[in-house]
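> Pulled these from Swiss-Prot:
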BINDING   D21, D23, D25, C27, E32  Ca(2+) 1 binding site
BINDING   D57, D59, N61, T63, E68  Ca(2+) 2 binding site
BINDING   D94, D96, N98, E105  Ca(2+) 3 binding site
BINDING   D130, D132, D134, Q136, E141  Ca(2+) 4 binding site
DOMAIN    8-43  domain 'EF-hand 1'
DOMAIN    44-79  domain 'EF-hand 2'
DOMAIN    81-116  domain 'EF-hand 3'
DOMAIN    117-149  domain 'EF-hand 4'
Amino acid sequence: MADQLTEEQVTEFKEAFSLFDKDGDGCITTRELGTVMRSLGQNPTEAELRDMMSEIDRDGNGTVDFPEFLGMMARKMKDTDNEEEIREAFRVFDKDGNGFVSAAELRHVMTRLGEKLSDEEVDEMIRAADTDGDGQVNYEEFVRVLVSK
């Protein structure tokens, strides 16, 4: 996984890691992990940090060495890429940029993709995704549909 990072990314991660490795022993504490990740443009929640630590701190000593950190950051970067792809897909459907996909917008995009859908089929797609019942699909609903596939 870490081999998918560029040399520049590895260098950037090493610099950030070193900033928080106060005593130079090659390890940072779990508390410092969130600070390091935020300095690299990630925004992990407390729950995500706990999950990451339990995943990478195999010996349970409360510290993370650089190879463990690098593997975790590679996974996190991959997740971020996937999220950006989903946001981009949503923007394709959300023609007017109002944060919602209407039946008309869905029909327009599907037609451009070569899918000739009946009004009933488009309405059914909207109904299936529209969990709050407002007649259109917001970003959270859009993600839920994509992730459930």
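From the backbone N, Cα and C atoms, a Cβ is placed for every residue, glycine too.
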> Across the domain 'EF-hand 4' (117-149), what are the DSSP residue counts per state (helix, strand, coil)?
20 helix, 2 strand, 11 coil
> In terms of DSSP three-state secondary structure, what is the assignment for T63 (Ca(2+) 2 binding site)?
strand
> Report, as a single number, how many Cβ atoms besides its own are within 10 Å of the Cβ of E32 (Ca(2+) 1 binding site).
17
> Have a look at the binding-site residues (D21, D132, E141) and report the one with the fewest Cβ neighbours inside 10 Å.
D132
> As a quick check of your reading of DSSP, tell me how many residues in the domain 'EF-hand 1' (8-43) are helical, how many are strand and how many are coil.
23 helix, 3 strand, 10 coil
> Counting distance between Cα atoms, which of the binding-site residues D23, C27, N98, E105, D132 is nearest T63 (Ca(2+) 2 binding site)?
C27
> Quick check for the class: what is the C-alpha distance, in angstrom and rounded, between N98 (Ca(2+) 3 binding site) and D21 (Ca(2+) 1 binding site)?
45
> Checking distant contacts: for the domain 'EF-hand 3' (81-116), what same-chain residues at least six beyond its ends satisfy Cβ-Cβ under 8 A?
122-123, 125-126, 135-139, 142-143, 146
> For the domain 'EF-hand 2' (44-79), give me same-chain residues lying six or more residues beyond its boundaries with a C-beta closer than 8 angstroms to one of its C-beta atoms, as numbers and ranges.
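1-2, 4-5, 9-10, 13-14, 17, 26-30, 33-34, 36-38.
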> From the Cα of C27 (Ca(2+) 1 binding site) across to the Cα of D57 (Ca(2+) 2 binding site), what is the distance in angstrom?
11
> What's the CA-CA gap between Q136 (Ca(2+) 4 binding site) and D21 (Ca(2+) 1 binding site) in angstrom, rounded?
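Per the Cα atoms, Q136 (Ca(2+) 4 binding site) and D21 (Ca(2+) 1 binding site) stand 49 Å apart.
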> Can you check which residues sit near C27 (Ca(2+) 1 binding site), meaning Cβ under 8 Å from its Cβ, same chain, 6 or more apart in sequence, and list them in order?
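Counting only residues 6 or more apart in sequence, the Cβ neighbours of C27 (Ca(2+) 1 binding site) under 8 Å are D21, T63, V64, D65.
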